[in-house]
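K.L.:
The structure follows.
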Amino acid sequence: MAFNNEDQESLHNRLAYQIGVTKPPTATKCRQLLLKSREICLLLWPSPISAYFGLNSAPTKCWGSTGYLTGLRGVACLAVFTEHFLMRFHPKLLDEYGEHPKFYQLPGIRLLYSGSVMVSIFFIISGFSLSIGPLRTIYNRDWEHFHQLMFSAALRRPIRLILPPTAVTFVVMIGVRFSLYQSHYDSPIDLDWRGPIRQPTFALQLLDWVEYVLGRLVYPGEWLLPLPTVSPSEYAVPLYTIPQELWSSFLLFIFIVALSKVRPAVRLITLFFLVMLSAWCMRKKSSCFLVGMALAELHLHRHLYPPQEHSRSASNLWKYLSVGLWSFVLLLGIWMCSIPHTRGAYGSSSIGYRMISRIIPWNSNVYTIGAALVVLAIDQLPIVQAVFRTSPAEYLGKISFSLYIIHWPILAAWRWSVVPFMCRVTGDHTALRYGAGFALAAVCVTPVVLWIADICWRLVDETSIQFAKRWENMISIE
């Protein structure tokens, strides 16, 4: 009896399965299905939990003298989320401690939810982080490496900043078609809470979103004349900072290159005048970036040229004096960052703030000064840096950008409705019951927002970073 080639191959495969040389097709498919299921589970599980159970590698620690900046950024972003979660239900949240006194309005405590201050800290940290590498190569006189760093930073920055918000707002655009968002949100505070406008067709909605990306995420509308034809839709209110951060980054790169071959003292003096000019022009974001560059310069100079060693007693005395001095600077910065700023309350009656309001007119420059003092003092106080080097703070720092760009769409879609629901459960006829309902809603909402931010970080943010690297390698020349 003759066998054709197909019969011989089939017989060979069956014999191979029986002696265990190869696995049957069903087993291979099951294994592939299990691997796919594992990948999906790893994607959906928060990364700290996956790392705890050994399902993936633990996140790397942020070592180095500036590693605390990651944790500081994460804590600041959490404060922004807290403000946006609270402000719709607490109309006196940003008022001064006076006519309707609440303990959370006190200086220092109010920083736990002061988003405007935290945005200033964001921008100072960005200026610090973008400057520290190029400035280090300047001190080392490694001009070839300096050129490579500036080329890479300028090329990657737009992709790094624009791609993740574009992806998130595209999802919001899809949600608009399912009526998940409103065109306007009621705000008890004097803020304009616009939302995305629902268009008659999907094609018009897509065009509206493209106009938003180009006209609001890329075009610096607050710097230049507003574009008259751009859609008034606002797909995510906090993303107004994205174009300011993008173009402030480019401005920073220009000044790093322009001041690269001058003496450090000349560079610092020039930066001081540029910061003052930016503040006078009411360009807070630019002044924050330039302040970050100046702080990076001071940080490098302190580590490259440490003070000379003195006797042990003198050294200990100087150490205590230094800690006391920088602690005072930190408290001063916190005090300035806590100045109220709504409904004409800027320095109106708060103790100590009236003098500040007479010296510094209200245009957010007071926050720039306060935030600069806070970051400068923390850079000098290792005991405070330790707080921002903890695992929770560093984790918040890693997901901070994703948390910043996704928390508003989540809150606007449905998470704000959790608070009234929980208050109905606990009752709201007394302050204690209302507070219990609000706390219960916060316990439900915050983990979900952090979980989705974790997924966005790994799926969108990290992908955009990798894409920027591949794009640089693809188009650059040796």
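FYI, residue positions are counted from 1 along the chain as it appears here.
Just so you know, glycine gets a Cβ as well, placed from its N, Cα and C.
All TrEMBL annotations are machine predictions without curation.
Annotations for this protein, taken from TrEMBL, read as follows:
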- 68-457: domain 'Acyltransferase 3' (DOMAIN)
- 111-139: transmembrane segment (TRANSMEM)
- 159-180: transmembrane segment (TRANSMEM)
- 239-258: transmembrane segment (TRANSMEM)
- 265-283: transmembrane segment (TRANSMEM)
- 317-336: transmembrane segment (TRANSMEM)
- 366-388: transmembrane segment (TRANSMEM)
- 395-416: transmembrane segment (TRANSMEM)
- 436-460: transmembrane segment (TRANSMEM)
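Help me see these features in their spatial surroundings.
P.N.:
Below 8 angstroms of C-beta separation, residues 66, 69, 72-73, 76-77, 79-80, 82-84, 86, 93-94, 104, 145-146, 149-150, 153, 238, 241, 244-245, 248-249, 252-253, 256, 260-261, 284-285, 288-293, 295-297, 299-300, 304, 334, 337-338, 341, 364, 367-368, 370-372, 374-375 of the same chain, each at least six residues beyond the ends of the transmembrane segment (111-139), sit close to that stretch.
Beyond the transmembrane segment (159-180), the same-chain residues lying 6 or more positions past its ends with a Cβ under 8 Å from any Cβ of the stretch are 196, 198, 202, 205-206, 208-209, 212-213, 217-218, 235-236, 239, 242, 245-246, 249, 401-402, 405-406, 409, 413-414, 456, 460-461, 464-465, 467-468, 471.
Distant neighbours of the transmembrane segment (239-258): 119, 122-123, 126-127, 130-131, 134-135, 150, 153-154, 157-158, 161-162, 165, 169, 216-223, 271, 274, 285-286, 288-290, 292-293, 405, 408; these residues of the same chain sit at least 6 beyond its ends, with a Cβ under 8 Å from one of its Cβ atoms.
Long-range neighbours of the transmembrane segment (265-283) within the same chain, counting only residues 6 or more positions beyond its ends whose Cβ lies under 8 Å from a Cβ of the stretch, are 223, 255, 259, 290-291, 293-294, 297-298, 363-365, 368.
Sequence-distant contacts of the transmembrane segment (366-388) (same chain, at least 6 residues past either end, Cβ-Cβ under 8 Å): 66, 68-72, 74-75, 116-117, 120-121, 124-125, 128, 279, 284, 287-288, 291-292, 295, 298-299, 322-323, 326-327, 329-330, 332-339, 356, 360, 394, 397.
Residues 47-48, 59, 62, 69-78, 80-81, 84-85, 88, 164-165, 168-169, 171-172, 175, 180-182, 185, 195, 235-239, 388, 445, 448-450, 452-454, 456-457, 460-461 of the same chain sit 6 or more residues outside the transmembrane segment (395-416) yet have a Cβ under 8 Å from a Cβ within it.
Long-range contacts of the transmembrane segment (436-460) within the same chain, counting only residues at least 6 positions beyond its ends with a Cβ under 8 Å from a Cβ of the stretch, are 43-44, 46-47, 81, 85, 89, 163-164, 167-168, 398-399, 401-403, 405-407, 410-411, 415, 418-419, 421-428.
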K.L.:
Need one number: mean pLDDT over the domain 'Acyltransferase 3' (68-457).
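P.N.:
Average per-residue pLDDT within the domain 'Acyltransferase 3' (68-457): 88.
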